[in-house]
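Inspection log for the structure reproduced underneath, given as structure tokens.
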Amino acid sequence: MIVVISVGGSVLARALDPEKFKSYALALKEISKKNTLFVVTGGGQAARDYIGIARQLGADEATCDLIGIELTRLNARLLIAALDNDAYYEPPLDYKKAKNASLSGKIVVMGGVAPGQTTDAVSAVLAEYTGADLLINATAIDGVYTSDPKKDKDATKFESMTPKQLIEIIIRTEMIAGANSPTDLLAAKIIERSNIKTIVLNGENPQNIIDAVYGEHIGTVIQK
Ligand code: UTP
């Protein structure tokens, strides 16, 4: 299978910890034994800190995004370091280069590509462009809920849902300031237009990703 994994910065690099990168590297090596693997890393707390400072300095939003992209690429470099010889040696800067890099037979790890989106959207486009069989979004929550479970005690988790339902949930969540969306809207639209089988799961324990790739039902499965 071709598998694309989006690892949220809040999972991989909330606070920088080499053990987290090492445990991810072990899981990804395991998955790559039988699958072609692409990984997109988020920016984590460091990206938020840098963007926060840039805003205080009066930077425009596109500049803030470009700074965020640099941080996602730094996290990609750390994961590449942890993967050592099993990873392509540097994060490709765009989708074409990522596809080419995968011809090396190694795990391709990259960060963001363009302002105005997040790495969720990058992973969805990459899945589309590489004809991936599976897109996994490893986040800080264990699936997609009817509403934010941290704020609504009646929120229930979807075991499965259609891309259309995902889009409806995101639009509803995004209208509430500061709300945590399970994935960004652009990513959901891309998942819908290409009907990419997507799993949103808790990435705190990377074993969840291995289990999902090998067919266990974990998190929320999104498919038409
Ligand atoms: P993330 O993908 O980590 O954003 O990119 P996020 O979803 O806010 O973070 P987590 O997953 O919840 O921790 C960090 C920032 O980098 C910029 C955006 O500003 C984003 O908020 N970015 C990233 C882009 O502008 N374009 C990209 O393609 C990727």
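Glycine is treated like the rest: Cβ placed from N, Cα and C.
Residues or ranges marked as domain 'Aspartate/glutamate/uridylate kinase' by TrEMBL: 1-202.
Non-local contacts of S10 (ATP binding site) by the CB criterion (under 8 A, 6+ apart in sequence, same chain) comprise G42, G44, Q45, T139, A140. The ATP binding site annotation in TrEMBL covers G9, S10, G44, R48, T139, Y145, D148.
Taken residue by residue with DSSP, Q117 (UMP binding site) is part of neither helix nor strand, so it is coil. Spatially close to Q117 (UMP binding site) yet at least six residues away along the chain are D184, L186, judged by Cβ distances under 8 angstroms. TrEMBL lists G43, D65, V113, A114, P115, G116, Q117, T118, T119 with the feature UMP binding site.
In this structure, G9 (ATP binding site) is part of a helix by DSSP. Proximity to ligand 1 (Cβ under 6 Å from any of its atoms) holds for none of the binding-site residues R48, T139, Y145, D148. According to DSSP, G44 (ATP binding site) is assigned to a helical segment. Calculated from their C-alpha atoms, the gap between G43 (UMP binding site) and D148 (ATP binding site) amounts to 22 Å.
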